[in-house]
Structures are given as C-alpha cells and as structure tokens.
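**Student:** The structure under discussion is supplied below as structure tokens; questions concerning it will follow.
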Amino acid sequence: MRLFRSSMRASSLLQTRSFATNASELRSAVFKDHLRTVKMAESMETVLPGGRNLFPLLPKAFTGIKQVGVIGWGSQGPAQAQNLRDSLEGTDIKVKVGLREGSSSIAKANAAGFSEDKGNLGEMFDVIKESDLVVLLISDAASVALYPKIFPLIKSGATLGLSHGYLLGHLESINETFPKDINVVMMAPKGMGPSVRRLYVQGKTVNGAGINSSVAIHQDVTGNATEIALGWSVGVGAPYTFYTTMADEYKSDIFGERCILLGGVHGLVESLFRRYVQNGMSPEDAFKNSAECITGPLNEKISHSGIKSVYESFKGEDKIIFEKAYTAAYTPCRDIIEEVYDDVACGNEIRSVNNAVARHDRFPFGKIDQTYTWKIGEKVRAARDGNFVLNPFTAGSYVAMMMAQIDVLISHGHCYSEVANESVIESVDSLNPYMHARGVAYMVDNCSTTARLGSRKWAPRFDYILTEQAYVAVDGNQIKNEAKIMSEFKNHKIHDVLAVFASSNSTMHFCQEKRLFCRKVLLLVLGALERSQSLFDCQVKQIFVQEELDQGNDISSLSLQRVQSWKQIERELNILQLLQRHDHRNIVRYLGSERNGPSVNIFMEYLPAGSLSKVLKQFGPFSEEMVRAYVRDVVQGVSHLHELGIAHRDLKCANLLLADDELGGVKIADFGTAKMVAFEVRNGVNVDQQRQMDTLRSVRDGMGSPFWMAPEIVRAEKGTDSWCKADVWGIGCIVIEMVTGRPPWENLSNPLTAMFHIASASTIPDFPNHLSSAAHDFLLRCFEKNPDNRASATELLQHRFLLESPKSS
C-alpha cells in the first residue's frame, strides 16, 4: 500500500493554494469520493486507491492539458508513455514521446507505436515546447546537464513532471530553483519501468493491477497541480498512491539505495561470507549461510510476516545468537546510515554522483561480481536443491541494518508509509529477488546510474564497519546496551505499520499474487522452484527432437529449423548454459529448458519490442547515429562471445532484439547455429561436412542466412579462428541491412546464387554513398575477404566509427 502523508508541506512560496495539514482535510475535487484514510502507528495517512474505474476522471484531472510530452526512453519512459496513451484512449489528450535527434531509442519507440508519421513522436526539445504536461524521464545525469536548456522551453502555466527528486536535490545544492511560472510535480512509481508496463497490461482483466506510486506537489501556480499529479499516477496504473514531498522522496530514495536496498546488503554479504569461511565453513556453506539465507528464507519471512516474525521464529540458542548479532550490528550500521543520510541531505552525495558521471568516459563502471564470494555463489545457485538455511547470526545482522535505516528515516520526519517502502518492501519484494536470481551485479546493475554509483561507493564502508566493530564485539563479548537495543526492537512501531500492509485486502495484493503466480509457473516449468528469475515473463523456443519424430510422426507442418537432432539441441543448450554463467547485457538471457515428449522447450527472457528486422520493415532504414549505437552493442556482445570461445554464425537484424531495460540497446539472440570453437575444432580437423549441412539447412528453411554468410563459411574452410572472423563479416552485413533496410546481395536471384557469388567473387557488398568516411572504413575492415587479415570484434570496438560521440546530447 502507498499512502498520503498526513502533514502536506508546501515546498514553494509561489503556491496559489494552501495544502491540507490533516489527512481528513485533504481535498481533491476530482478524486474526493475515492480517498481513504488509514491509521499508521500514531498518525493517519490517506491513500488514493487507483483502478480503471477512475480512467473516466482523467480528462477532468488533466483540465487544460491537450498534450502530455514524455521525454526519454530509459527505464520509465516506455512504460509511462504507453500506459498514459492507453489510459487516455478516446479522449482529446495526446501523448507524445520526445527523443533527441538520432537517438538509438527511436526504433524502440517506433516498435511501441510512437512515430513521427502518427504525430506522437518528435524531437525532444520541440515536444517540450509544445506540451502542457512535460514528463521528464531522462537520466539524472542528463537532467542535470540539460535543465538550463529545458526550463526556458516549458510554457508558462504548464506542468513539469518528474519521477525522481534528484534534479531538485541538484538545484538546492547550487542554490537554484525551478522556473517560477510553472507547476512542478512528481509521480514516482515504486518499481522498475518494465514492471510498471507489464503489470498494467496484466491488470486489464481486473480493476487495478500495477505498481504503487508516490506523488509530490512541489510548486502549484495554476491551482490544480494536485489533480494533475494524481491523474498522472492513476493514468500510469498505480493501484495505490501516497503523498510525500519531492525533497523527502529524493532523500529517502538515494539514501536507501546506498544502505539496505543495495550497498548495505552487498557489504553485509561480503563480510559475513568472509567471517564464516574464517570460522571453518566451506566456501559453499558460507555463501549459503550469508547471501542465500538473506535472499531466500529471510527475505520470504519478512515479505509475508514482517520483521519481528524473524526473531520470533528462533528458539533457544538460535534466539540468543540472533540477539547478539542484532545488538552488535545495530549501532555500527546506524553510524554509517546516519552519515549516508547527512551526505544526501546536504547535497554531497549528489555532487559525488555528478562528478563520477563526468569521469565515466575515462573510468566506466567496473564489475562487482568477480570476487571469490560471488564466484562461489555461481556454483551454489547452479547446485540448488531447495534446502535453504535460516542462519540466526545472518538474520540478526541483516535485521539490525534494516531497523537502523528505519530509525534514521523516522528521526528525519519521513512518513511511515515511505519508511516502510524504502526500507522493507522495496528490499524484499523488488530488489533482493534479483540478487537471489543471479548475484549482486544483477541486482545493482539493473538499477539507475545514481544507484549503481552509490552502491559501489558505500558497500565497502558497511563491510569494513561490520567486520571491524560488530563482529569484534560479538567475539570479544563486548556488546553494549544489549537489553535496551533488543527492547526497542521488540516494541518498535514499524511492526504495527507492516501489519497494516499485510492485512490490507486491496488490489495491491492482486498485483503481488499475479507476479508470484507468473514466477511460480515459470519456475515450476523449469523444474526447480528455487531457480528464482526476476523476469516474470519469458519466451519459449520449441525444438522437436528428430530422433523422436522418426517413428511415424507427421512433421510436414514443421519447419526444418524446429526439427533438430538431439546432438544439435544439446550443443545449443551447452552454449546457453555457458552464457547463463557469464551474463552480458547485449546477450539475451537464458532462463532454462525442459524436455516435453518429442520436443525441448528453451526459455529465454521476453523482450516485447521485438527484433530490429521488424522495426526496419515497419519504419525503414536507420540514421547513421542509430546504426552506430546499435552496432556498438552488437560488437560488444560478439566480443564477449568470442572471449568465451563461442561463434554465433548467424548475425542479422532478425536475431537482434531491442532491450527492455534502463540501459536500452540491443541483445543478440538465437544460438541455434552457434558453435564452441574450442570444442568443435581440434588440431585443424576438417569439419566441412558439418558446415555444409548447416548451410543447406539455412537455405532450405528459407531463413535468408546465406545473404549474411562470410566467404570462408560458404567455402567450409578449415581453421579455428575463421568462425569468429565470420561473425565480423556478419557485423558488416548488419550495418548494410540497417542503413538500407535490405540485406547485402539481395539483388541476386536466390540464396544459392548469393552463396556462389560470395564464395567465388572478389567483390564485396556495395556501400551506400551517404555513409561517413568512418563508417566506410569500418565496413572495409569487416568485409576483408581473407579472414586472417579481417579485424577481430575486440579491435572493432576501438574503431573510430564506434568511438565517435553522438552529434547531440
């Protein structure tokens, strides 16, 4: 549940309406009949339950708004643009997406139904100028860099909408303000963008499934800013909306990421793992008793029954161990957590983020899951058998950190609903499942740049203080104020607050159950409930086993691509399992597989935007700026494959899927013809026959792959390196396809003719005349006929075509 703050603070002297100071006096002319008041500890907070039954009220809430401009296409942009468009369908209010000229996200916006031809996609600054509600969803760093250009473009009397208070924090740190003639509101969904869209779509069959949100009215010059903010929240699909202030939101959000949500729990796991190994546990058992304990049974118990239930579940000696761990860890954790809050509140942390972003071109993000702890974690997750350990020492330490964060937020005046969300609900229901699925990097690096930077900065501090103070106090029996600290924990107000959330019979529970149901179905299909994946949707590739179909089965309706020998299927599964252990943001994620009678089902992550080929067919060739961005992603993915000894061998736009995460870009898919170079070629043994069979399969199946084939593949030449160099040829073909909308050699009569031409002719594909000299040279490096002289994928990453910066911000 997400609730309104009982004491609504006006944040600007420019406001033309005073806000209610009591929850029962909260006024909304549009939604007055739908507000509900709930007791949270000693205070009252008011909630606005959402639902599709409120959609008819949106035109009234958006009085004076003819166009909503959604600026940006990161994590929140796609979800909010589509949800608002769908919610406002049938009204006179247009939802238009604004992107920078040449943005690589244009193709993804096209795939979602936004295009210049339809009039609902335009250049970002033009859209800002013409919109009445500007929903600014670009990154924090971009907001800081571009606000001097954005603010003058917003119409007087229009509304600036933000989904994060970071920009306010930056402005306060440099003594600047928002323009004085506009409304400034915030609507912050309490979940990642893909979930905001996914649950909205799922909720079409019920009244109100979605992601809960908070709203803030920072500046109201028209008198209806509250209605606009609430309408925005309802339109995006929030089943429950609560009130906060923009300052409270950015402080609690940025602060929480650095503590229990990301950085704190990372540091805690590292310190516990090291402690357990030093005390004689095997590395595998140490990981099970630290990370697996937190993200498994401990997380589940807090999510369903509250924090206090963890303590009450222990008996005898285990309860004593919990108490000692809790009381030893609470004060050191609170020490660091107070420091984090102070640094966020005074602007130091925001300045630190801005400085780090400015250094990113020289010092990009490093990996955070390469330590011994997380390498052991890979092995433990792969061998899960469903038996988890609820370690009392781990539980006491984790709960102490969570309670310390709760106390700091309460001491700084945050409302209970915000405290519960930023310290408990978001941790156990949203973020920890990511770490449970694939480790700490999967959790941290699915978040914003601001969060990723903060987690990396503060995790070592938590690791250090727990190791140097908390564990030393336990081992030396030097814990102070043990009885007082435990008494405060047992009688804390947060337990009653969480009970309100647990007992609420609301649409929110449908959302949670829907997510859990989808995840259970997926995990049960995979055959292991413990293989938790935080993607609740997946796509299934069904392959029929040739040996199973030879017994009189009718296969006339099946394409050859869907009928393979068990040896071929096993080869693909081995490659996918290797990729699962070595994740990369430009490779489609493999979730698992199952044998189902005569077929094998392969489960991959679901990317609803589809392939680049689909976008090309619908909207035509890409600009060179877009090509550069997409090809950079492809080359990074291919380089990763080659480092693992994998050659893809079928690169084309149909096998490049548009990513559905904050980082955007494309992901390489379809490993049906991929090969492990190190395993398939030994001492130069000729594999002509196998290659020729694969080639004929591609031709007979009508996939068009021969148009993208490298000469050495068509000629089935020997050599361990040629398959990887063939991928580089494929990269060049992808560039041709992107800039022309057609594959190379398409002028030839059929695939066999193309193959003959590729293998025997000395010519290479024609290059479009409009390409820059850098792009032209890049293609020459890709289309070198002799694979020994052709550039590697790693070398291509340093080519000037890929290193050039976009022409506009």
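Glycine is no exception: its Cβ is also placed from the backbone N, Cα and C atoms.
Feature list, courtesy of TrEMBL:
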{"type": "BINDING", "residues": "Asp253", "note": "Mg(2+) 2 binding site"}
{"type": "BINDING", "residues": "Asp253, Glu257", "note": "Mg(2+) 1 binding site"}
{"type": "DOMAIN", "residues": "44-244", "note": "domain 'KARI N-terminal Rossmann'"}
{"type": "DOMAIN", "residues": "245-387", "note": "domain 'KARI C-terminal knotted'"}
{"type": "DOMAIN", "residues": "529-802", "note": "domain 'Protein kinase'"}
**Student:** On average, what pLDDT score does this prediction assign to the domain 'KARI N-terminal Rossmann' (44-244)?
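**Tutor:** Mean per-residue confidence for the domain 'KARI N-terminal Rossmann' (44-244): 92 out of 100.
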**Student:** What does DSSP assign Glu257 (Mg(2+) 1 binding site), in three states?
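**Tutor:** SS state of Glu257 (Mg(2+) 1 binding site) = helix.
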**Student:** Sequence gap of 6 or more, Cβ distance under 8 Å: name the residues on the same chain that satisfy this around the residue listed as 'Mg(2+) 2 binding site', in order along the sequence.
**Tutor:** His164, Gly165, Ala188, Glu422
**Student:** Using DSSP, how many residues in the domain 'KARI C-terminal knotted' (245-387) fall into helix, strand and coil?
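**Tutor:** Per-class counts: 109 helix, 0 strand, 34 coil.
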**Student:** Report the same-chain neighbours of Glu257 (Mg(2+) 1 binding site): residues 6+ apart in sequence with Cβ closer than 8 Å to its Cβ, ordered by sequence.
**Tutor:** Gly263, Cys447, Thr450, Ala451, Gly454, Ser455
